[in-house]
Amino acid sequence: METIYALSTAAGRAGIAVLRLSGPHARAALRALTGRKAGAPREAMLCRFRDPETHAALDRGLAIFFPAPASFTGEDVVELHIHGGRAVIAAMLRALGQLPGLRAAQPGEFTRRAFENGKLDLTEVEGLADLIDAETEAQRAQALRQMEGALGQLYEAWRARLMRALAYAEAEIDFPDEEVPGDLIAKLGPDIEALETEIAAHLDDGRRGEQLRDGVEVAIVGPPNAGKSSLLNRLAGREAAIVSDEAGTTRDVLEVRLDIGGVPVTLADTAGLREAAGAIEQEGVRRALARAEAADLRIVMVAPGVSGIGNGFALARPDDLRVLNKVDLGAEVPDGVIGISALTGQGIDALEAALAARVGSAYEAREHPVITRARHREGLADCAASLARAEAALKAGRDAELVAEDLRLAARALGRITGRVDVEDLLDVIFRDFCIGK
């Protein structure tokens, strides 16, 4: 096994940089750079780092040794905390490259070794990646729960129940002469039904976890000159869109990223909806309608004296936020409509509060684990389909072999999500529960 090394902190100038080594030669590399043995595990040691060939001083910093298996990767790990100048980092990386048995790590290789050594399952690996990429508080909370194992533990608990059911089925098939009740297959029905119900409820989540991870899309739609671009600028706090009295100024979808109540939101300003005269504006209207249809939430905006496709709120859906702009001109605000002035800022606080309440209630991070990736959903769907077949086979009185095969497929589908499929753990369950071979 090779020892790998890499810069663990972001590239560029900084006060501190951290280099990480992992593998059997990590301890020897530390001695080659410092002329000293590794200190006590997990204790910082002040060192002078030298070039292993010329012995020229490179930097002065801290070294920390994490012996296997109590480390991130499960291998011997060394962290070198050095000054974050580009020249210092480059010199230290060159020095590490001179040492035998060391090579530069590939992207994600430290985390891959952590997975291969059983320190993380795949959902925890994905949670770690999401935590690094988190931009908002809700994203951070969701990613941290997943990184700490909440999602993987749920799937492993379901898989353990499946393995137990499979063990009963296999026991009846493979050990007919042992003291195993003959009606075990019939007793599996309630357990399978309970698992089906729990997995179905988990799948029926409105894709909230995926949307929170990727961001919620909010589209501003309405006729030309309703003030959509002005509202985008007001909510963004900057001049992101061109504002003009000329109708049809916005011809493509303009996006800004916002943090609303801890939830990442992509706010999209769309072309004004009207019977466009030119081909370019017609394409803008087509894109606006498509974007509005695909959005998770829409702000339907109108203003006095403007008209377009679906005058007023004719295009509004029941869950849309309805906004009347230019109330500073004295327009009456109907019930269920938020009155604003994108020009003066009047009513913007009320709109932001309504938007935060709508987004927050639907997409805030939940206490229970949620699906965060399409592959999780696909694996759960495969598991549910196999369970449905197993239940149907039970009710039809088919052979135990058919039931066992579907239970096995269901367990493997869950195991693929966490990356811990193990064909040997079936025998462990059988011996523990039935004392076969005793």
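The backbone N, Cα and C atoms fix where each Cβ goes, and this holds for glycine too.
According to Swiss-Prot, the protein has these features:
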- R20, E79, K119, K438: (6S)-5-formyl-5,6,7,8-tetrahydrofolate binding site (BINDING)
- 225-230, 244-250, 269-272: GTP binding site (BINDING)
- S229, T250: Mg(2+) binding site (BINDING)
- 215-360: domain 'TrmE-type G' (DOMAIN)
Within 10 Å of its Cβ, which one of these binding-site residues (R20, K119, K228) has the largest number of other Cβ atoms?
K228
Same chain only, sequence gap of 6 or more: which residues have a CB within under 8 Å of the CB of E79 ((6S)-5-formyl-5,6,7,8-tetrahydrofolate binding site)?
S8, V18, L19, R20, L21, A63, I64, F66
State the count of C-beta atoms found within 10 angstroms of the C-beta of N225 (GTP binding site), not counting that atom itself.
23
Cβ neighbours of S229 (Mg(2+) binding site) where a neighbour is any other Cβ within 10 Å
23
